[in-house]
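> If you scroll down you'll find the structure; I have some questions about it.
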């Protein structure tokens, strides 16, 4: 066999693999920062579209508390401080959408800060119990950025990670909604300090979006469900009590009317002599 022919035959699978990879990377992705539509200045709205179809939607308010150290007044020790970082509206968005995994990356201040949210699906495709969840959170930061951190803070880029996360578990095909504030602890590479992420006014759907920019049916978090029950329970009890009172009044009225129409029989036997 000709050497050139053999070489060409061997190259074909490699070329096909490269073409496949290249075509996948060419998948057209659009990111939308729609935070300006929210009346709440602290709330952010994001959407990711691939090939003209919305594949991830997210709305939430995020605040991050980061402990860090600055030199003490004696210039020997270190004092512990805490930075409060609000997710701003002018955020750079990136993301990825796959069948069973999705990611949302949010960066700001020239990527001095980056918040990454990871989502995954669970269960078999044919199973009715199939669901999705937030499976991982990463926050990247550098205390030497002086817009938020005090000067003199220990420099160095750090990453705060979640461990064994299973948040916002939602039935497949539904969106997740939670007005209540959720507190999530992350462990930092900065001497294992605990970074705290607060999420509120959350509405998320990282999979199975049927219409562009339209959430599927909402699955409310347990806290919101309890709050809704607490708000509606007094109304239900009031209506039940009102109906019970109406029934009692109606029964009394009917009973009174029936007894009024009956012939009154004298109880004193001496009165019987006047009868007949």
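Cβ from N, Cα, C; glycine included.
As listed in Swiss-Prot for this protein:
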CARBOHYD  33  N-linked glycosylation site
CARBOHYD  51  N-linked glycosylation site
CARBOHYD  100  N-linked glycosylation site
SIGNAL    1-27  signal peptide
TOPO_DOM  28-231  topological domain 'Extracellular'
TOPO_DOM  253-276  topological domain 'Cytoplasmic'
TRANSMEM  232-252  transmembrane segment
> Write down the Cα-Cα distance for residue 51 (N-linked glycosylation site) and residue 100 (N-linked glycosylation site), rounded and given in Å.
18
> Would you mind pulling the DSSP three-state label for residue 33 (N-linked glycosylation site)?
strand
> Which residues in the same chain, at least 6 apart in sequence, have a Cβ under 8 Å from the Cβ of residue 33 (N-linked glycosylation site)?
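Residue 33 (N-linked glycosylation site) has long-range Cβ partners 44, 45, 46, 89, 90, 91, 93.
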> Which three-state DSSP class does residue 100 (N-linked glycosylation site) fall into?
coil
